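Features reported for this protein in TrEMBL:
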BINDING   137, 140, 141  heme c binding site
SIGNAL    1-21  signal peptide
Ligand code: HEC
């Protein structure tokens, strides 16, 4: 668990700081994609709190969270179809130059969330799951988010 705990803590900290990020966003396209990301983050948080032992282990809730991530990740490419960047948006212009690569990263998250459903049997599995999810988020954010 030694390596895993900081990963979980970092992931949860990153999520907490985004809560205020989209207040006052008026552009409907930007708002929709931020809301989609927030829903993904909420689902990750459900799993993260269990991984930290702050909530009771519940495999049905984990599968529901993974299903939510899968559905939301599947919608990422269409959410970013229109190129629009506003001052509050953290989207990088590279998304629209590299839409195929960007969409592949969305598909990677979708696939990860789909294939892990039904596989999380005990709290011991949560660290690895959180690590893999975090890696997937980061692989896109590091290139396409400010
Ligand atoms: C395919 C690329 C991609 C993947 C995968 C991805 N994100 Fe994002 N995410 C983005 C982009 C781009 C933005 C910036 C959107 C904007 O500000 O317009 C963003 C923004 C966010 C935001 C801020 C939303 C807001 O209200 O401003 C959160 C929270 C977030 N992502 C969480 C996650 C989590 C958690 C994961 C992994 C489970 C994840 N994202 C996976 C591309 C991605």
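Numbers run from 1 along the shown chain.
Each residue, glycine too, has its Cβ placed from N, Cα and C.
TrEMBL: automatically predicted annotations, no manual curation.
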Neighbours of 137, 140, 141 excl. site residues, C-beta within 8 Å of centre, heme c: 105, 136, 138, 139, 142, 144, 145
Residue 137 (heme c binding site): tally of other CB atoms within 10 A of its CB: 21
